[in-house]
Amino acid sequence: MKIGIALGSGAARGWAHIGVIQALEELGIKIDVVAGCSIGAYVGAAYSSNKLDPLEEWVRSLTEWQVFALMGVGLYRGGLVSGLKVFKALQDNFSEETFEELCKPFACVATDLYSGREINFLTGSVVDAVRASCAIPGLFPPTTFNDRWLVDGGVVNPVPVNLCRHLGADIVFAVNLSADFRPQTMDNNEKERERNQQKISDMFSKSQNPLSKWFKSDKKGKDSKEIDEDGKPDDQDDVELHSETARPRAAKNHPPSMIGVMAGSLDILQARVTRSRLAGNPPDILIEPQLRDFGMMEFYRAGELIEEGRNSVKRIADQIRYQLRLD
C-alpha cells in the first residue's frame, strides 16, 4: 500500500506542514509520495530530499527582519517582492537539483496566468517548479515556463490530491491550511488586522525604495479626500455624499492595508477553491490545522505553526490508526 500526502497552500501557515509530517512519522506512517502547492511545494521539496530537519532548524531561527531581508522588497514587474533569496536557500540547502534526484516521488502545481490551466511539474528543475508554484499573485512576480506565465498553484488547486493519485498513492493524506478560515467583520477583524496585517506594512514601510512611501501612508490609515465638482477637497470627509441618503462613515474602522487586502482576498479564494476541489476529489484522511490566528506573512512564527501541525494530527490520531489498521 502506497501512502501519499498532499501539502496545501497557505503562505507562512505552511510551516505547519513540518509538524504534520513529523507527527505522522511518529505514528509509524511511511509516506511514499508527496505533492505540494505553493508553500506546500517548498516544504514538500525539502521533505522529498530528506532535508526536512535542516529546513525546520532554519525556519525556527527566522526573525521578522530576516524574513523581510529574504523577501527582497522592491518594485518588481508583477510583484512587490523578488523572493530570490528564499528560493536560493531552497536550492543550496534543502533540495536536490532535479525531480529525478529526489529521494521520494514529488510533484507540484502552478497556474497558467492567461489560460487558467493547472500546470503540474513532475520532472526538471525542482527550484524552478517550486518558485512557479509559490508565485503568490501580486506578491511574487510570475515565472516563465515554456512560453507561459505561471503563478501560485493555489489559484486553481490549493491541495493537490489528484497529483498524489497520479503518483500512485493508494491512500492520500491531505493537509488543508485554509480550513479555519472565517469571514472577518469590522468588529472581530480589528485585533487581527493590527497584528497580522500592520506588521507587514510596517516592514515594507521601512524599506529604502520607492515602494516604501505607499506603505508609510497606508500605515497611517489615511484615505485620500474626495474632490467636489469645483476641484476642492470636501471638508466633510467623514460623510458619504454619493446619494440622497448619505450616512456617516464609521471613523473607528480603518481601511485594511494593501497587503491586508491581498491576504484577505487570497484567503477567501483559496478557502472556496479548496472546498470545491476536495469535494470533487476527496482524500482518504483530511488534516486541518487551526491557523486563523496566523498571518499570511508571519514566517517568523515557525515554532508555533509547527506545533499546531503536530497537534492537528494528534487530534485525529485514533481515526488515522483505525483507517490504516495501525496497532
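Yeah, the Cβs are placed from backbone N, Cα and C, and that goes for glycine too.
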When TrEMBL marks a stretch as motif 'GXSXG', which of 6-10, 36-40, 76-80, 286-290 is it? 36-40
Which bits of the chain, at least 6 residues beyond where the motif 'GXSXG' (36-40) starts or stops, bring a Cβ under 8 A of a Cβ in it? 6-15, 17, 106-109, 130, 133-134, 136, 152-154, 157-160, 175, 177
Please report how many Å separate the Cα atom of Ser38 (active site, nucleophile) from that of Asp152 (active site, proton acceptor), as a whole number. 6
